[in-house]
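Student: Here's a structure for you.
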Amino acid sequence: MGQSHSKGNSGPGDSLQSYPSFSRSDTKESLRSLRGSIRSKIRSSDSPRGSTAGLSDDKSDAASVKSTTSRRSSTNQSVQSPDDTPSQPDAPEPPPSPSLSSSLKRGHKDVNAMQQSGEVDHVSDVPPTGAAPTGPSTQKVGESILIKRENQLNPILDFIMNAPLETSGSPGMGMGALKSIDLDDMISRLLDAGYSTKVTKTVCLKNAEIMAICSAARELFLSQPALLELSAPVKIVGDVHGQYTDLIRLFEMCGFPPASNYLFLGDYVDRGKQSLETILLLLCYKLKYPENFFLLRGNHECANVTRVYGFYDECKRRCNIKIWKTFIDTFNCLPIAATVAGKIFCVHGGLSPSLSHMDDIRGIARPTDVPDYGLLNDLLWSDPADMEEDWEPNERGVSYCFGKKVIMNFLQRHDFDLVCRAHMVVEDGYEFYQDRILVTVFSAPNYCGEFDNWGAIMSVSGELLCSFELLKPLDSTALKNHIKKGRKERNSMLSSPVSPPLLRFVVAKEDHNLFVQHRRDACGLFLAYPSLVTSWGISR
């Protein structure tokens, strides 16, 4: 895990706010304590506990649930922070995540060389066509990929389920009133905001609408298990970190929902300039397509982390602190991990010494904050590493690093073929770990305007062939030009006169936000050769 910066070509105007560059000093507070490394960067008067204390007397706030066991227990209820929080410096330090891969030292791979070696089958500015062995998908658009099981373990804290969901006193915007037509309008406004290329002082949605979205999403997350079991095909997305225009580029390249099924691995907020639009669009798509669009929890979907690294400040500046608190309540309900076709284990961070059975994940009671230690902490924070030992303290200052033997034993024990995770900046957007037993996917290109990294999305076909689609790193000027072109195409499609039958089709597409999937300034990279599929054993 190297620490060198990429050869970024962007100017200082591209970097986020005033956050400095990454350094190892961010993570040397303690060995495995999440709050140990976070608290030193938070003023006592601005701690998440202090920020929410005066907002409401509602005791259902999941972020304030006290732990009933010891700190080293693997339970996943939160442990309250002490009151004597150390002072925070005026300029917040960068987050202890994502870590930087050693690929950032080596530079981008030579795509031509990769093609000659057989690793890359297709590189183009348009989708793979003709003989590309993707295989036809038998799944219909909008068909559920969520595998449901009777009497599935899914513990929910009773006092949370019995508590009324807060809607900011707006009777017309309760969860029952959040209808499909409301979601369509909200999605349209959010996309309009993205295509405008402007970061506005306020959000395009009203506070009452944001509260309603969060309340509905909260209940939906709790209705689905903490360990999602999904079928293929699906596109797996890594860290996004508030890079809203890049998220729109991602949907342009891979297909707006429900044309494609999606599984996001977490880290939707912090660092980027438009975390609010990013998480709101994702939540709206989750509500619109609940069994085709899935969001896992990342280590940044946490009160303490968002308080330090940007999202709290953005909510306070553009909405209010109560909106931030509502998002935290929603984050505390997110699912933790997922499996794809019973062969690919997906999680934000990595593995845990506390994980012996998949029921350990299913048994995580929600809503829950991220505890100091234990299973949930490790799943969101741990990293793979080239080392002889099975486990060792993570240099982030939180959780562990794990070696090849741990991964191999995990795959064999649970009959998986691949671990797919995010949580780490990698130069080419994706990076395999030894013998392709684990892959890191990072989907925020030109991360923070500081790294010249690509963004990647891993596509898993119905036949379990794995491919990667890449988002080219663009500086702020190139990104604006790209979005303007996309806006023109979108407006042209929406305003073009069509015959009645085609009009009905276009209306249906607009209803599902299926706009033209152009891949300008993006690269489709396809990995599908027999030896790869055979070595993974990813087959029916």
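Placed from the backbone N, Cα and C atoms, the Cβ positions cover glycine too.
What you are looking at is a predicted structure, and each value in this text was computed from that prediction instead of being measured.
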Student: Quick check on the annotation: Swiss-Prot has D267, H348, H423 binding Mn(2+) 2, so which of N299, N304, N481 does it put in that site too?
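Tutor: The candidate from N299, N304, N481 that Swiss-Prot ties to Mn(2+) 2 along with D267, H348, H423 is N299.
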Student: Under 8 Å between C-beta atoms and at least six apart in sequence, can you list the same-chain neighbours of H348 (Mn(2+) 2 binding site), or say none if there are none?
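Tutor: Sequence-distant Cβ neighbours: L265, G266, D267, L296, R297, G298, N299, L379, L380, R421, A422, H423.
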Student: Taking the Cβ of D239 (Mn(2+) 1 binding site) as the centre, how many other Cβ atoms fall within a 10 Å radius?
Tutor: 31
Student: Provide, as an integer number of angstrom, the distance between the C-alpha atoms of H241 (Mn(2+) 1 binding site) and H300 (active site, proton donor).
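Tutor: Here the two Cα atoms lie 9 Å apart.
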Student: Looking only at C-alpha atoms, tell me how far D239 (Mn(2+) 1 binding site) is from H300 (active site, proton donor), rounded to the nearest Å.
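Tutor: Between the Cα atoms of D239 (Mn(2+) 1 binding site) and H300 (active site, proton donor), the distance comes to 10 Å.
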